[in-house]
Amino acid sequence: MAQPDSKKIFFENLSGAGKAIAVLTSGGDAQGMNAAVRAVVRMGLYVGAKVYFIHEGYQGMVDGGENIREATWESVSSMLQVGGTVIGSARCKEFRTHEGRLKAAHNLVKRGITNLCVIGGDGSLTGANLFREEWSGLLGELVEQGLIEADAVQKYSALHIVGMVGSIDNDFCGTDMTIGTDSALHRIIEVVDAIMTTAQSHQRTFVLEVMGRHCGYLALVSALACGADWVLIPEMPPEDGWEEKMCQKLSATRSRGTRLNIIIVAEGALDRHGKPITSSFVKELVVKCLGFDTRVTILGHVQRGGTPSAFDRILASRMGVEAVLALLETTANTPACVVSLCGNQSVRLPLMECVQMTQEVQKAMDEKRFEEAVKLRGRSFENNLKTYKLLAHRKPESELPTSNFNVAVLNVGAPAAGMNAAVRSAVRVGISEGHKMFAVSDGFEGFYKGQIKEIKWADVGGWTGQGGSLLGTKRTLPAKHVDKIADQMRKHNINALLVIGGFEAFESLLQLYEARATYEEFCIPMCMLPGTISNNVPGTDLSIGADTALNAIVETCDRIKQSASGTKRRVFIIETMGGYCGYLASVGGLAAGADAAYIYEEPFDIRDLQANVEHLTEKMKTSIQRGLVLRNENCNDNYTTDFIYQLYSEEGRGVFDCRKNVLGHMQQGGAPSPFDRNFGTKISAKAMQWISKKLVETFRQGRVFANTEDTCCLLGMRRRALVFQPVVQLKEDTDFVHRIPKEQWWLKLRPLMKILAKYKTSYDVSDSGQLEHVVRNRPRESDASVAM
């Protein structure tokens with residue numbers, strides 16, 4: 001992953017000397033805001049700028065005084081895992097007036113601040129842009145009033161603004177995910193999972209009201225993640241007569257043996273005539289029409305609270321660093337920008353273009369142009385809605401197409417959270433496409449033993465929230481049993497194959513592709529979905545299960561660090577899984593605020609270990625109480641977890657003591673995160689549609705015959721899009737000995753972890769965000785809470 005030096009900005013050249021940056025959080029709070037504040041402060045100090053907190057948002061800027069304080073490295077310690085915003089947020093009527101903005105300008109100029117990093121919603125960012133446009137006029141007024149010297153106008157001539165969107169609603173156009181959305185989904189899904197157990201016990205219907213006054217993202221994605229029976233959102237009000245259809249759907253679900261129903265209502269849900277649809281109305285409707293025992297749960301501000309998820313910490317940290325880089329590169333002619341996420345990439349977009357499109361969505365909804373409103377929300381939102389409709393609403397048998405194709409689905413390799421959501425999605429989309437779906441138990445071992453049976457729509461009900469692999473999974477590769485597998489495929493007339501798994505699944509597809517030369521049974525469309533906590537599959541930036549594992553690591557690290565609270569200074573050595581892939585250690589380290597993460601991909605020696613110990617010792621002599629060091633399980637044969645623990649214990653004697661913890665298989669267990677549920681659901685639906693297309697294309701003379709490279713593919717997320725890639729073409733990108741891709745995008749995040757831990761290091765900006773324009777059809781299929 002080495003880059004030419006010309007593409008790197010080194011510590012000495014990342015100059016913010018003489019610049020003053022202020023960071024504020026405004027409007028509503030959102031989990032992850034503190035991670036963004038921490039990243040802005042530390043990156044700002046790293047480049048030599050002065051950094052200020054503005055407490056209580058714009059109110060603090062207007063009031064000045066103690067509300068605007070200089071930040072230090074230590075002042076953002078231990079805030080990464082804290083929800084809300086520790087610098088406070090407030091709505092400020094005074095800032096909306098010219099006089100209020102004049103006071104704010106005076107308070108900033110007194111401290112030489114001309115760079116603002118604003119973390120908030122579209123209202124906060126719009127206010128920041130107005131402030132920027134008025135800046136020179138405000139300085140002129142301050143000179144006239146004798147509040148500042150005349151030369152200050154020249155010295156502080158331009159105000160530079162960079163925004164980050166902190167909003168749990170994900171209602172800002174131009175970014176796939178806003179800071180706080182993923183954490184809010186975690187809160188919702190935790191409640192839904194808990195409610196489902198009690199609802200099943202009593203055969204109840206639950207109506208859940210979630211936040212989203214003008215945006216139905218939380219309702220839609222949580223409905224997708226838990227397999228809700230019905231969802232009501234403001235962007236797409238139900239057709240007239242929806243009440244009867246909903247009750248018919250609930251009744252049909254119960255008649256198939258399901259003991260519970262879940263209905264999710266966004267707080268801003270409306271019918272086609274603009275009349276609000278409340279959770280209490282839905283409850284009364286179900287009781288009146290069906291007589292079901294029905295309860296309402298209004299989640300309210302629970303969704304805003306709690307610890308930020310791993311995704312939000314990483315997103316906020318990346319955006320915070322990107323915001324400082326944007327401020328360093330801005331000129332007087334650069335428009336105010338907002339740092340956004342597109343797929344797996346940071347991008348910078350003109351702030352007001354994003355605000356304008358966000359306002360267009362509301363206008364379209366007000367004018368009852370609902371189809372357009374959904375499109376304006378972006379392809380991610382549109383795909384979520386299409387996928388939900390596809391999976392939740394079963395068509396009558398008479399309306400289903402009859403393809404006469406048989407499609408088998410199986411899991412291969414170690415279990416990963418989200419596999420069951422992917423299987424559920426594949427089965428239901430396959431049935432909707434007219435195929436007969438077959439489930440293979442225990443991977444290819446079960447395949448050659450004939451553990452194959454038809455799986456129906458109702459068989460996968462409730463699978464989205466289940467961890468592990470309900471089908472069963474083994475690491476067995478097909479090569480040794482290829483003749484028996486071919487027999488089983490012939491016996492069951494399997495016309496296509498969907499394999500969900502990790503590196504073994506990738507190797508399996510390569511072996512089946514090579515077996516086509518000998519066995520015509522394998523001349524069928526075959527697709528693989530990456531599902532492994534290690535995230536070590538070539539051809540994809542992310543794998544199903546990795547997000548759940550990251551959250552397990554981060555939650556454990558939080559608890560471990562908290563265990564040292566109030567005790568003497570302590571360093572924790574944590575071992576993570578991942579084989580030879582350092583993804584979990586590196587990205588988990590960034591999310592947990594680690595001081596170092598040792599991985600195979602970045603070789604280290606005793607001198608590096610010594611330097612890390614000395615660095616930690618220096619930090620511990622100040623106010624830092626706790627240190628965190630992560631080690632990937634296979635990073636080095638000799639520098640074991642025990643060795644590193646003993647080294648740190650000995651070298652830190654008198655300054656800090658050490659503890660070690662091997663996380664083990666707890667990283668592989670647990671209920672899947674919202675990200676993994678939705679990522680698995682959406683890519684599986686996309687894979688089944690691809691399989692259907694290939695089946696039609698390769699059906700000739702009464703049979704399926706597919707022997708080209710492009711009929712044996714891996715579906716992965718690459719930068720900004722979901723891409724089907726022939727597995728045979730991915731061979732040259734793969735280190736088969738260590739079972740990792742030769743190039744791994746996340747290695748570029750490692751310098752961020754080091755910078756935020758106070759190391760002097762080079763930072764590669766060849767891939768940093770560049771100012772782009774908002775394009776309505778920008779590819780957004782990648783969707784990260786699936787980003788989402």
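Backbone N, Cα and C define each Cβ position, glycine as well.
Whatever TrEMBL says is automated annotation, not expert-curated.
Listed in TrEMBL for this protein:
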{"type": "ACT_SITE", "residues": "Asp169", "note": "active site, proton acceptor"}
{"type": "BINDING", "residues": "Gly28, Arg91, Cys92, Gly121, Asp122, Gly123, Ser124", "note": "ATP binding site"}
{"type": "BINDING", "residues": "Asp122", "note": "Mg(2+) binding site"}
{"type": "BINDING", "residues": "Ser167, Ile168, Asp169, Arg204, Met211, Gly212, Arg213, Glu267, Arg295, His301, Val302, Gln303, Arg304", "note": "substrate binding site"}
{"type": "BINDING", "residues": "Arg475, 532-536, Arg570, 577-579, Glu633, Arg659, 665-668, Arg739", "note": "beta-D-fructose 2,6-bisphosphate binding site"}
{"type": "DOMAIN", "residues": "21-326", "note": "domain 'Phosphofructokinase'"}
{"type": "DOMAIN", "residues": "406-691", "note": "domain 'Phosphofructokinase'"}
{"type": "REGION", "residues": "1-393", "note": "region 'N-terminal catalytic PFK domain 1'"}
{"type": "REGION", "residues": "406-788", "note": "region 'C-terminal regulatory PFK domain 2'"}
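On the structure: features taken from TrEMBL.
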residue : record                                        : Cβ neighbours (10 Å)
Gly28   : ATP binding site                              : 21
Arg91   : ATP binding site                              : 14
Cys92   : ATP binding site                              : 22
Gly121  : ATP binding site                              : 22
Asp122  : ATP binding site                              : 23
Arg295  : substrate binding site                        : 14
Val302  : substrate binding site                        : 16
Arg475  : beta-D-fructose 2,6-bisphosphate binding site : 17
Arg570  : beta-D-fructose 2,6-bisphosphate binding site : 20
His665  : beta-D-fructose 2,6-bisphosphate binding site : 11
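Put simply, of the recorded positions Gly28, Cys92, Ser124, Asp169, Arg213, the one whose Cα is nearest the Cα of Arg570 (beta-D-fructose 2,6-bisphosphate binding site) is Gly28.
For Gly579 (beta-D-fructose 2,6-bisphosphate binding site), the nearest neighbour among the listed binding-site residues (Gly28, Ser124, Met211, Val302), judged by C-alpha distance, is Val302.
Same-chain residues that are not part of Gly28, Arg91, Cys92, Gly121, Asp122, Gly123, Ser124 yet have a Cβ within 8 Å of the Cβ center of the ATP site turn out to be Ser26, Gly27, Gly120, Gly127. The distance from the Cα of Met211 (substrate binding site) to the Cα of Ser534 (beta-D-fructose 2,6-bisphosphate binding site) comes to 34 Å. Note: the Cα of Ser124 (ATP binding site) and the Cα of Arg304 (substrate binding site) are spaced 18 Å from each other. Restricting the binding-site residues Gly28, Asp122, Ser534, His665 to those with a CA within 10 Å of the CA of Arg304 (substrate binding site) leaves Gly28, listed by sequence position.
Between the CA atoms of Cys92 (ATP binding site) and Ser167 (substrate binding site) there is a gap of 17 Å.
Between the C-alpha atoms of Ser534 (beta-D-fructose 2,6-bisphosphate binding site) and Ser167 (substrate binding site), the distance comes to 30 Å. Proximity note: of the listed binding-site residues (Asp122, Gly123, Arg213, Arg295, Arg475), Arg213 have a CA within 10 Å of the CA of Asp169 (active site, proton acceptor), given in sequence order. In the predicted model, the domain 'Phosphofructokinase' (21-326) shows an average pLDDT of 93.
If you count neighbouring Cβ atoms within 10 Å for each of the binding-site residues Ser124, Ser534, the highest count belongs to Ser534.
Close to Arg213 (substrate binding site) in the fold, though at least 6 residues off in sequence, lie Asp169, Pro234, Glu267, Gly268, each with a CB less than 8 Å from its CB. Put simply, Val302 (substrate binding site) is 14 Å from Gly28 (ATP binding site) when counted between their Cα atoms. Residues Gly28, Arg91, Cys92, Gly121, Asp122, Gly123, Ser124, recorded as contacting ATP, have a largest CA-CA distance of 14 Å. Taking Cβ-Cβ distances under 8 Å and a sequence separation of 6 or more, the neighbours of Gln668 (beta-D-fructose 2,6-bisphosphate binding site) in its chain are Ala414, Pro415, Ala416, Ala417, Ile533, Gly545, Ala549, Met577. Note on proximity: of the binding-site residues Gly121, Asp122, Ser167, Arg295, the one nearest Arg475 (beta-D-fructose 2,6-bisphosphate binding site) is Ser167, by Cα distance.
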